[in-house]
Amino acid sequence: MTSLKSLFLSFFLVVALGLALVNASEPRGPKITNKVYFDIQHGDESLGRIVLGLYGKTVPETAENFRALATGEKGFGYEGSNFHRVIKDFMIQGGDFTRGDGTGGKSIYGAKFKDENFKLRHTKTGLLSMANAGKDTNGSQFFITTAVTPWLDGKHVVFGEVLEGYDIVDKIQNVPKGRNDRPLKDVKIVKSGELEMEADVANEGDKKGSHNEL
């Protein structure tokens with residue numbers, strides 16, 4: 001009987017150790033520190049809300065720039081601006097709230113700011129990354145990936161991801177377009193702001209001039 005108990009005990013210890021090793025080996029993603037939203041309208045049609053999580057631990061300056069532009073707390077920002085460039089199976093681009101054509105925009109730090117780091121890669125759909133016109137030319141323009149885009153690694157700073165509303169991103173990438181990949185009807189951010197963080201959202205990441213060109 002004693003040997004049988006020892007056998008069962010050994011079995012449970014092996015199982016527990018195996019589970020611990022699996023959990024320890026799971027890849028841990030960047031921590032989400034802030035959550036912002038865009039309410040989107042296409043022409044006269046309301047598409048709904050996109051909720052975005054920001055990686056404020058990994059890229060704090062870039063995440064703070066986007067957060068403040070989403071709230072408009074500096075007196076300028078994303079509300080009322082359009083997604084001016086949309087390419088199916090690649091990305092949707094917005095954030096030019098000064099000119100609206102991909103040649104404008106500005107950051108909360110001035111016209112442009114440096115590439116903070118390239119620790120994060122473009123490994124999945126729904127990632128939020130900075131559009132730019134070359135090295136250290138970040139302003140306010142951004143894009144959301146609709147494909148895995150490894151050729152952008154080391155050139156564009158990834159700083160967040162879509163938490164809710166990727167179906168809306170998918171609708172945007174499929175709208176009719178004209179010249180320069182611009183939607184024929186405006187795809188507008190009619191309202192934007194910051195949402196209260198919840199504990200599960202905060203830990204989600206741990207579980208898992210010239211045109212700005214990509």
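Cβ atoms here come from the backbone N, Cα and C positions, even for glycine.
Motif 'Prevents secretion from ER' is the annotation Swiss-Prot gives to one range among 55-58, 63-66, 175-178, 211-214, and that range is 211-214. Neighbour list (ASN138 (N-linked glycosylation site), Cβ cut-off 8 Å, at least 6 residues apart, same chain): THR62, ASN65, SER107, LYS112, PHE113, LYS114, ASP115, MET130, ASN132, VAL157. Look at ASN138 (N-linked glycosylation site): DSSP puts it in a strand.
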